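The structure appears right after this line, and notes come after that.
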Amino acid sequence: GLVPRGVNLQDYLHVTSVHLFKERWDTNKVDHHTDKYENNKLIVRRGQSFFIQIDFNRPYDPRRDLFRVEYVIGRYPQENKGTYIPVPIVPELQKGKWGAKVVMREDRSVRLSIQSSPECIVGKFRMYVAVWTPYGILRTSRNPETDTYILFNPWCEEDAVYLGDEKEKEEYVLNDIGVIFYGDFNDIKSRSWSYGQFEDGILDACLYVMDKAEMDLSGRGNPIKVSRVGSAMVNAKDDEGVLVGSWDNVYAYGVPPSAWTGSVDILLEYQSTKNPVRYGQCWVFAGVFNTFLRCLGIPARVVTNYFSAHDNDANLQMDIFLEEDGNVNSKLTKDSVWNYHCWNEAWMTRPDLPVGFGGWQAVDSTPQENSDGMYRCGPASVQAIKHGHICFQFDAPFVFAEVNSDLIYVTAKKDGTHVVEAVDTAHIGKMIVTKEVGGDGIKDITDTYKFQEGQEEERLALETALMYGAKKPINTDGILKPRSDVTMNFEVENAVLGRDFKLTITFQNNSHNRYTLSAYLSGNVVFYTGVSKTEFKKEAFEVTLEPLSLKKEEVLIRAGEYMSQLLEQAYLHFFVTARVNETKDVLAKQKSTMLIIPQLVIKVRGARMVGSDMVVTVEFTNPLKETLRNVWIHLDGPGVLKPRRKMFREIQPNSTVQWEEVCRPWVSGHRKLIASMTSDALRHVYGELDLQIQRQPS
């Protein structure tokens, strides 16, 4: 450019090159625990120092030369918004503040130790070096090679997401494979999920999610705001977010939720197409949200709540209306009990709440209820939920209802009156679980959400919640009918998909009277959300009970009755009601069972070593009496192979298909291969294989 007369800019410092030490093995990435990211830019965590080296055109003289490093993010950088950060050269670094200290001067090079603020914005910064001259500033030109990602730092005590326990950080920040629990409280099933937060392109995809939400840059250093925006953006309702939810068993023009094996495909597709990906259900939303949180450096885990209340009117009460003959009245019954529901917990301090409510926060990205005009939920302090302090933001009443509602059976009489038949206070929130730290086992965390049923503290927490505005329209205490002389229970034997099975109902008469009962069995195919699709079995029968006797009734359920109606997760729900004719007492019991589904078999041959070819085989045998059509098999293994899929037009009954893929692992240590299969008639078929991948001999 133009220079004043008589001025020789060569007298002033000129930057010839900048070195960021951004290789995987460099101390910057190793010390900041970012060496697993497949990204060749510098990635550091905030509040912790890192090294850079600047080469000048001549030796640097601190007495007459003045320069500084600048970090810039966004379109209109401003210092007061934290989007333009001038980093001064200081004699000593100070905790909690930006600063750069010269740690080495050698010939024409200067090595700096730079420390960022633990409250710094999280994102991708552009970096410049500015040299002062009397005639203005000489700034280096824009160079994408020096771009620097700054993430949350659970290793830094001043960071809002600081987590003390080393093993927990290893699990909740650095583990890229997880286990998600689903199924039924009496039949808990688990499946592995590839979070893949370090895979190529995922960090940029997670930052894109915040850009797409048009999230204010100055809020991106606050984990409360980031997790709240994430919970709105992972679902596509109202904001063109990542995933479209579908619970109606129709998945045209998309991938069925059960087919996904991890988050990588979903996030990369979202970023490349700029359109929501089809389709997800709760565990898919939770899996993708977990990737988003861990990738940015917020400790996170997926939790599953068995018998989760979806309380449409948030009144802590799930009303199940019965007809006079004991049938469920589906028109009046609006609330639904999900067999299970998955959400996430993120770890952070809550300076916006009173002391003691930091730690795990419930965040849920499944679009269930509107919160401040958008489908999102949380962060809600788990500690506040346990103690009933549901006045604290965000969405605590909804989460409290999911784990604490009462199940109320009400008979809707023909004259329009309602009679409470039974109250079940222990059914909802039966058990809340997550994956254990350092293993694939299950960890029961129910006691972090609620006190044990019947304890004094539990009643107190409920009273606190009611005081803070949780609604409970019917006072169910003390209006229960006296216990009937007759008790009823039923058991469903282990049912294998495509086979007949038995259901046994036991009636017991505890009195000296003889009774006759009119009983009714209804078998329904249900979504895991507890919503019924079709009734496939209807049976009414009379039972005569002699005094002090026990009687068993067996009902045979034939495969032909349910197979044509089955849904994704092969849930069958049975409802048995009986009326004692002499006393008019109504007995009601319900149970759901999950059919046992065949598995995929994964085998590996060849050296299990980084950089060596390895052959992976996926096998499946069709156990049904019908031909499976439009079969897709998905295969995934973070660090071992990129997600891929293959289609088989059809698989005949009892025949086996095999699919071979060659891969070259690039990450050593404990890894997992995960496969899923989906077809028109059969879904939720999984397989997995644990691998120990050796390092390359040096």
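Placement of Cβ uses the backbone N, Cα and C atoms for every residue, glycine included.
What TrEMBL annotates here:
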- 274-367: domain 'Transglutaminase-like' (DOMAIN)
- CYS282: active site (ACT_SITE)
- HIS341: active site (ACT_SITE)
- ASP364: active site (ACT_SITE)
- ASN404, ASP406, GLU453, GLU458: Ca(2+) binding site (BINDING)
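Around HIS341 (active site), taking its Cβ as the centre, 28 other Cβ atoms fall within 10 Å, counting all chains. In sequence order, THR425, ALA426, ILE428, GLY429, LYS450, LEU462 are the residues of the same chain, not among ASN404, ASP406, GLU453, GLU458, whose CB sits within 8 A of the CB centroid for the Ca(2+) site. For the recorded positions ASP364, GLU453, GLU458, the ranking by surrounding Cβ atoms (within 10 Å, all protein chains) places ASP364 first. A C-beta separation below 8 Å, combined with a sequence spacing of at least six in one chain, links ASN404 (Ca(2+) binding site) to ALA309, LEU316, ILE428, GLY429, LYS450, LEU462, ALA465. Nothing from the binding-site residues ASP406, GLU453, GLU458 places its Cα within 10 Å of the Cα belonging to ASP364 (active site). Proximity to HIS341 (active site), judged by a C-alpha distance within 10 Å, picks out none of the binding-site residues ASP406, GLU453, GLU458.
Summed and averaged per residue, pLDDT over the domain 'Transglutaminase-like' (274-367) gives 90. Counting in whole angstrom, CYS282 (active site) lies 28 from GLU458 (Ca(2+) binding site) by their C-alpha atoms. For CYS282 (active site), the Cβ neighbour count at a 10 Å cut-off comes to 28, with all displayed protein chains included.
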